[in-house]
Ligand code: HEM
């Protein structure tokens, strides 16, 4: 009897828990190579960000991605979370011209951004974004790693997943497959034909801290930055979580001992 | 119980209030000395756990509502703002999101417990029926809440579920337009969903009180399913069950905290972090895990109206359990054949849950149809027949007799 009950619970719990996963996976599965899974500093019970890496990630974002992708919901002041000082953030903000107004004559004008301004969007509207990118709008990147299954691994794989030609296994799946003009082949993008051209090549930029900017390095850094953009609370969350868990486990242990004591003669 | 004497309060303030409105005496009677069967196992923890989950949801929800903006252009951004800019906003939201899963898990275990131990049988039919109504309102509340963050899955789940009324003959189309406040899910829909999502938890709260009222009238069932006959069969609720429930709560909070702090989006669909877009239909529209078995039943039937009717029946039929189960023995413990069928049915429910997450194609559809057929056969064929044919084991004459007869007997059962 007891065992039956245990098996039953285990089954219910296991399905309950795994379903979130299976349901999510059902949404994006495809037959290409497995996602790459580098080690991330932000994984696990002790997950955290590394400020040097976050700054490098911001450099990749602002040098490479920012011309097409925005970071909605974020302000320049948030960049202090990367480890930049107040002055550095002010300087970064001031390097962007943004539209403001109307002034007292009813005219719109431009001025340098300040730390309280939202991070500047590359396109004024979706129509312009589409026009510039062959009909696809480059999506907002500030929630990207939350908005895809296995987000960090997916974006990392996507950035490194371009192929010059169409690989054999795709034609085995679909002999008719070809990449439409203006699109590129990517192993990880659903449907494999993506409107974003390959971005990360050796030598396209230099890091200010002297790290060698290989495509793998840039991908890893920019994904870490995007994960921070999506989950800026992660370090605080995990720090607090460890205290809460330790406290609750100890407290529950005490409750258990106390419960046994009370029930000692009652069975 | 009328046999428990009212306490004599010594504190003058308590005395003053109690003589005019005996709230302290009531609490003393229902929460302190309340006679509870002495043999309740840990499966009896999940009712109070569900209650606490409800309270956590209401509290966190009230704080969410202070920052949430129910407008199609602002809802998604307001949730992002809450998580990024509001102090501990992420915590409030992750508590709310993950406690919903805890709530449903507890309620499912609570319901299955009732099914195994025959807790729905006389005289607890009304208690059981109120429980099923609570479950219905929970389903509605969770569905409405899931629409609020206005992600892709919010929007498309709302579209799929509200469209379920369209196949109703004659009035279906009109009804859908009336529900939407437009010709599809739109801003008006979002605003009424928010209003109702705030209302229904209060309705659940009130229903929980009715549920407890019925419970304290008939008293708890127990794993043996025999009635309480004498004082030795019971223990006072406090400290015995307050402590046992507190320990259970501790364990539940450990599990809940793991998800809140280390895996907060585990039960969420990543695509719900893409803002709702009426022009882009997601490849797979999958409901939250706790709706999956019913979603599988819905999709098992090729006819849309039939699917909707069967889906509602699959929960409504729980209400008829007291009359479908003809056995005079309550507890599954003494029903050697029922016991097996019960677990097969649980497995069928788990199978339906899994099928609900799979695409509706190929073998999944056929499996879904068989699993649905078995789901209903359990209630309308197997249970009534078992009452007839099953040879039940002898039932102990009282709880205390069974307890003093030694634990070896229990272990063997
Ligand atoms: C029976 C209790 C409740 C259930 C089952 C429930 C369920 C849900 C669910 C499933 C969500 C979507 C989670 C997400 O993905 O964001 C949600 C969101 C929300 N709920 Fe509740 N809820 C309950 C009580 C309440 C109460 C009492 C309030 C307010 C007084 C409330 C306010 C909100 C708000 C404002 C949101 C949108 C913000 C967000 O998405 O995080 N909820 N609820």
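Glycine too: its Cβ is placed from the backbone N, Cα and C atoms.
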Report summary line: Here TrEMBL annotates transmembrane segment, and of B:126-148, B:218-240 the range meant is B:126-148
Report summary line: Range annotated transmembrane segment in TrEMBL (choices B:4-25, B:246-267) is B:246-267
Report summary line: If one takes Cβ-Cβ under 8 Å and requires six or more residues beyond its ends, the residues near the transmembrane segment (B:246-267) are 42, 45-46, 48-49, 52, 90-91, 94-95, 97-102, 106, 288-289
Query raised in the report: Going by DSSP, is residue B:96 (heme b b562 binding site) part of a helix, a strand, or coil?
Result: helix
Requested in this report: Starting from the Cβ of residue B:96 (heme b b562 binding site), draw a 10 Å sphere and report how many other Cβ atoms land inside it.
Outcome: 20
Query raised in the report: Which one is closest to residue B:110 (heme b b566 binding site) in space, judged by CA to CA distance, out of the binding-site residues B:96, B:197, B:216?
Result: B:216
Query raised in the report: Among B:110, B:211, B:216, which binding-site residues lie by ligand 1, judged by Cβ under 6 Å to any atom?
Result: none
Query - Tertiary neighbours of residue B:211 (heme b b566 binding site) (same chain, Cβ under 8 Å, six or more apart) - result: B:127, B:130, B:131, B:134
Requested in this report: Establish whether the number of Cβ pairs under 8 Å between the transmembrane segment (B:337-357) and the transmembrane segment (B:369-389) reaches at least three, counting only pairs separated by 6 or more residues.
Outcome: yes
